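Visitor: Before I ask anything, here is the structure I am working with.
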């Protein structure tokens, strides 16, 4: 390390090969970084960095070094190239005018001196809380303890790029569909129909939007990743509940009692699922069976109203009026996506070949969006057929020979 004094009395730190301090690293343009040298800054805010010697093994070279950024540890991968270990730049937002010296205008870096420009890294270099899929070998984001950096990474290529964009596009598509449907004139779409379909749009937008947010910020920190993982599961619950409501409403359009019973059933299960998703207490292994029972019950609860329609209205009504075919197709898409996700196909068969594109989680996202669109189409057909048949009194007389309402 060499030091020299310029005309303003500032110490300009230059660094030699073999020993570096964080505040002596050149910026992204290769220029020397010039800041006022203060020992308390070096002691409290900057971690020294000593490059690995050639005698170190390859495994040791794969380890990471930590420097302090805004009070949080940031893992920076170590390269064999001594001149390219860190590519950093001064973060102007965090170089604050804290003190004035006799020359005036001296700026002292007091929080984040700079922020490393992250590069995609290998699976082995990730901290444990980011190691999710060992079959994706390269292209992972390192921890980025800044929401701004996380959202900027949307436009970079890494293992989460496809997961982010698939559900972001899906979320935007459902927002557009909701805006179009909910703004139809009341002469075309009644208010109660807007409310019923609105529950589905809310569930779809929440699910896809929270999934997009989770995959965007999960690399921020372990705590943020855990929080948004809970919100992701909450979004899934809202989509399931939102999917049930319009189907039950129009499937039992003229049978008020079973409609209320089944809507209450799915609502109670939905609330229970949200509670076990958000409450840390239920994340304990002791409550794992309870969590499984609640989600399985919520998923299988569609069988009960379907059997009710089959017994009381017949298979023809279930297929034609209740659009059973489209709901079966929706179920097939969800199951197919879930199977790919659980089995981690295809990357498990070809580790490293699907790191960026067509990995199991991306395919799962595509199946989810497709299934949600199929469900919307099926519910729309059910609603149109129900509303075209006239009043409930007319429908009950035609179907059962009496008015049950």
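Every residue, even glycine, has its Cβ placed from backbone N, Cα and C.
Marked as Zn(2+) binding site by TrEMBL: 215, 361, 365. The feature transmembrane segment is assigned by TrEMBL to 164-183, 195-213, 233-252, 259-279, 291-311, 323-342, 362-379.
Neighbours and distances for these, please.
Guide: Around residue 215 (Zn(2+) binding site), a 10 Å sphere centred on its CB holds 25 further CB atoms from the protein chains shown. DSSP gives residue 215 (Zn(2+) binding site) a helix state.
Long-range Cβ contacts of the transmembrane segment (195-213) within its own chain (Cβ-Cβ under 8 Å, at least 6 residues beyond either end) map to 163-164, 167-168, 170-171, 174-175, 177-178, 181-182, 228, 231-232, 234-236, 238-243, 245-246, 249-250, 365, 368-369, 372, 375-376, 379, 383.
Cβ atoms under 8 Å from those of the transmembrane segment (233-252) belong to residues 196-197, 199-204, 206-211, 258-259, 262-263, 266-267, 269-270, 273-274, 277-278, 298-299, 301-302, 305, 308-309, 322, 327, 372, 375, 378-379, 382-383, 386 of the same chain, restricted to positions at least 6 beyond its ends.
Within the chain carrying the transmembrane segment (259-279), a Cβ under 8 angstroms from the stretch's Cβ atoms is held by residues 230, 233-234, 237-238, 240-241, 244-245, 248-249, 252-253, 287, 290-291, 294-295, 297-298, 301, 304-305, 308, all 6 or more beyond its ends.
Long-range contacts of the transmembrane segment (323-342) within its own chain (CB-CB distance under 8 A, at least 6 residues past either end) are made by residues 247, 302, 306, 360-361, 363-368, 370-371, 374-375, 377-379, 381-382, 385.
Within its own chain, the transmembrane segment (362-379) has Cβ neighbours under 8 Å at 162-163, 166-167, 169-170, 173-174, 177, 197, 200, 204, 207-208, 211, 239, 243, 246-247, 250, 323, 325-327, 329-331, 333-334, 336-338, 340-341, counting only residues six or more beyond its boundaries.
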Visitor: Which bits of the chain, at least 6 residues beyond where the transmembrane segment (164-183) starts or stops, bring a Cβ under 8 A of a Cβ in it?
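Guide: For the transmembrane segment (164-183), the nonlocal Cβ contacts are 154, 189, 194, 197-198, 201, 204-205, 208-209, 211-212, 215-216, 362, 365-366, 368-369, 372-373, 376.
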Visitor: Using the centroid of the Cβ atoms of 215, 361, 365 as reference, list every other same-chain residue with Cβ within 8 Å of it (recorded Zn(2+) site), in sequence order.
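Guide: Along the chain, the qualifying residues are 160, 162, 163, 164, 166, 167, 211, 362, 364.
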Visitor: If you count the C-beta atoms lying within 10 Å of each candidate's C-beta, which of the binding-site residues 361, 365 ends up with the smallest number?
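Guide: Fewest other Cβ atoms within 10 Å, among the binding-site residues 361, 365, is found for 361.
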